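Asks: Feature list, courtesy of TrEMBL:
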DOMAIN    30-152  domain 'AIP/AIPL N-terminal FKBP-type PPIase'
REPEAT    262-295  repeat 'TPR'
Amino acid sequence: MDAALLLNVEGIKKTILHGGTGELPNFITGARVTFHFRTLKCDDERTVIDDSKQVGHPMHIIIGNMFKLEVWEILLTSMRIIALQWCDRVHTGVYPILSRSLRQMAEGKDPTEWHVHTCGLANMFAYHTLGYEDLDELQKEPQPLIFVIELLQVEAPSEYQRETWNLSKDEKMQAVPILHGEGNRLFKLGRYEEASTKYQEAIVCLRNLQIKEKPWEVPWLKLEKMINTLILNYCQCLLKKEEYYEVLAHTSDILQHHPGIAKAYYVRARAHAEVWNEAEAKADLEKVLELEPSMRKVVRRELSLLENRLEEKREEERLRCRNMLG
């Protein structure tokens, strides 16, 4: 075992357990680092707090992505294979929150759930429980921790499929038409679940870009128009999956803010028709004609389909009444 090394960062000491040979991996911005970790207290027993090997899943972080526990990026980018790293409390204050999220995910729970228990004077301090006694203790009294980290893999940005949240602004804009086109292709093939996922990914890209713009100014509105188009495509998938009330919610939300979108009225009319909202369906189709007279033939077809379905329903009810009386 090599002697303890003091990194060029205050409050961190590293002991190399297995150094390997050759150059350090290329930890460029956007690289994905996969590793196992074990977190220990600095007590005599070296109490284990977390161990990713016991959970059965390694950890991933993206270099340069402002990971919750910044010190881990510092540690990882200074090692080859396995190292024991001592970190002072100044670097470990947020570890309990990170640990809670990792434990929740390992247990198949929603890591965003949060429970707050306050009473009496405790309300003044808004004490938050993390749901784990050992983490609550660490949160109340931050202390130095030891991280034993085993580096498994370093992948350049081009070597793995990056999730949409991990893309840069330019990459997100470039990804949107690709995702949109792929969604359209899958929709035509009748693969509605997969198509809806592609539309959702594109919407997330645009939403992430939109929050950085000032609402209702030109750049924001351009993104809003693209988002609405994708939401309506997503709603077409929902219609195919017979999730009509979700369609009503999405289209009504669009029309509340943008009452001049004919396609939104058309998609909503189809959803209303499927749940037997005759008056609402007809009102939406009339609105389509008002906004887009060129859609007259499509509107007539939808009205005809609605009348046929209503007549079939009335006939079924008449037969049911006769059987009950007869």
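Backbone N, Cα and C atoms are what each Cβ position is placed from, and that goes for glycine too.
For the listed features, I'd like the structural context: burial, neighbours, distances.
Replies: Residues 228, 232, 235-236, 239, 242, 244-245, 247-248, 251-252, 254-255, 302-303, 305-306, 309-310, 313 of the same chain sit 6 or more residues outside the repeat 'TPR' (262-295) yet have a Cβ under 8 Å from a Cβ within it.
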Asks: Go ahead and report the DSSP secondary structure tallies for the domain 'AIP/AIPL N-terminal FKBP-type PPIase' (30-152): helix first, then strand, then coil.
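Replies: Once the DSSP states are binned, the domain 'AIP/AIPL N-terminal FKBP-type PPIase' (30-152) shows 39 helix, 36 strand, 48 coil.
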Asks: On the 0 to 100 scale, where does the mean pLDDT of the repeat 'TPR' (262-295) fall?
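Replies: Across the repeat 'TPR' (262-295), the average pLDDT comes out at 95.
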